[in-house]
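Record features, source TrEMBL:
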- 1-28: region 'Disordered' (REGION)
- 48-80: transmembrane segment (TRANSMEM)
- 101-120: transmembrane segment (TRANSMEM)
- 147-165: transmembrane segment (TRANSMEM)
- 172-194: transmembrane segment (TRANSMEM)
- 200-226: transmembrane segment (TRANSMEM)
- 238-260: transmembrane segment (TRANSMEM)
- 311-333: transmembrane segment (TRANSMEM)
Amino acid sequence: SHLQGSYGEGEMEGDSKADTPDVPPSTDNTPQCLNKALEGLSSRWKNWWIRGILSLTMIIGFFLIIYLGPIMLILVVMGVQIKCFHEIITIGYRVYHSYDLPWFRTLSWYFLICVNYFFYGETVADYFGALVQREEPLQFLVRYHRFISFALYLAGFCMFVLSLVKKHYRLQFYMFAWTHVTLLIVVTQSHLVIQNLFEGMIWFIVPISIVICNDIMAYLFGFFFGRTPLIKLSPKKTWEGFIGGFFATVVFSFFFAYLLSQYQYFVCPVEYNSETNRFAVECEPSNLFMIQEYTLPAVVQNAKTVNLYPFQIHSIALSTFASLIGPFGGFFASGFKRAFKIKDFADTIPGHGGIMDRFDCQYLMATFVHVYITSFIRGPNPSKVLQQLLVLQPEQQLSIFNTLRNHLGEKGMLPPAVEEAQ
């Protein structure tokens with residue numbers, strides 16, 4: 001969750017079992033100037049102000065990155081992914097006292113590179129077809145991409161087997177599994193974030209903003225009104241914060257979706273322009289981002305119709321998921337941290353913990369958005385189909401052209417001049 005303990009106040013319960021090795025406690029890296037300014041406050045209000053100031057700073061930074069464009073967003077997603085991977089791997093390294101394991105850290109980072117090569121290679125093949133056609137080395141890499149990726153992984157797998165030593169067998173397999181689960185949680189879902197971005201920046205910005213809003217509003221409702229504990233895994237979280245965060249998030253997402261739906265920059269798919277060698281976000285907005293008239297239920301007496309962007313209706317579904325199911329990503333992270341007796345994944349951000357502490361709900365949300373787009377929004381992608389056609393042999397392209405021309409002719413969709421030429 002974006003704000004640790006976002007649904008109220010309480011104390012962190014310890015794990016009764018003593019079979020888990022201790023991890024060195026995180027240090028307080030709050031800036032001295034901030035500590036000095038807040039030294040007269042109680043710990044509760046001091047923590048509130050630190051989190052508030054740092055949250056506002058991160059939100060401003062987030063919108064600055066959006067202003068810098070899609071390339072910067074992709075780089076930031078990749079940077080966040082690497083930092084989250086580092087935090088989780090470091091916990092495993094410390095918990096299992098893996099300092100003497102041969103090649104553990106080297107292999108962990110090698111597997112990260114392999115998986116990123118596979119996913120980013122898939123992205124290049126899907127969205128940079130024109131560039132691939134122009135560069136012969138890229139054509140070779142794209143054509144044999146999956147084989148190359150598998151060969152790279154196999155090399156790491158063989159290196160792991162060769163690194164096994166008798167006194168560390170079980171521990172080495174623990175860490176092998178730890179690395180692969182971390183790759184599944186962090187890298188796979190980071191790839192989905194980038195896939196969502198290419199559908200249009202609105203599919204990237206709105207879900208992230210919804211989760212941030214839900215965490216902030218749930219924290220505020222819980223801080224001021226929280227009385228009823230929500231779940232034992234996170235005793236700071238309360239029903240008041242959970243319910244208040246839900247309603248506030250739905251209202252926020254509805255109006256934020258209305259605001260962004262008005263701008264091409266946010267609603268158009270992100271596409272690579274081979275002529276300018278830049279990303280282009282220009283298009284004729286789809287019906288999803290065109291004002292439509294909706295008839296209200298008969299229960300509403302005063303107004304019978306209302307004008308909305310269809311995306312606003314979808315934003316309600318997204319915000320409902322972020323508010324009701326998204327927090328379970330935070331609960332999962334809380335359970336993980338309790339299992340290893342740690343308060344935060346790291347101490348990167350004062351008052352918030354590590355980067356992974358801020359993105360536990362975001363990863364779950366990214367997966368939902370990707371599934372939602374493929375299930376309810378996106379049909380066949382003409383751009384992707386065209387790029388696949390361009391890499392076929394000329395005789396295959398001609399065969400498809402003739403089949404398509406005959407098909408359109410039978411439907412009467414070809415102009416008379418084309419019919420005569422046929």
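Cβ atoms here come from the backbone N, Cα and C positions, even for glycine.
Keep in mind the model is a prediction, meaning the values are calculated, not measured.
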Intrachain neighbours beyond the transmembrane segment (101-120), with Cβ under 8 angstroms and 6 or more residues off its ends: 78, 81-82, 85, 89, 93, 145-146, 148-149, 152-153, 156, 159-160, 163, 165, 168, 171-172, 175, 179-180, 183, 187-188, 191
Is the transmembrane segment (311-333) in contact with the transmembrane segment (172-194), using at least 3 Cβ pairs under 8 Å (sequence separation of 6 or more) as the test? no
Examine the transmembrane segment (48-80) against the transmembrane segment (200-226) and state whether at least 3 Cβ pairs sit under 8 A, considering only residue pairs 6 or more apart. yes
Cβ under 8 Å to the transmembrane segment (200-226), counting only same-chain residues 6 or more beyond its ends: which ones? 1-3, 5-9, 48, 51, 55, 59, 62, 66, 70, 73, 193, 236-238, 240-246, 248-249, 252-253, 256-257, 260-261, 265-270, 281, 289, 311, 315, 318-319, 322-323, 326-327, 361-362, 365-366, 369, 373
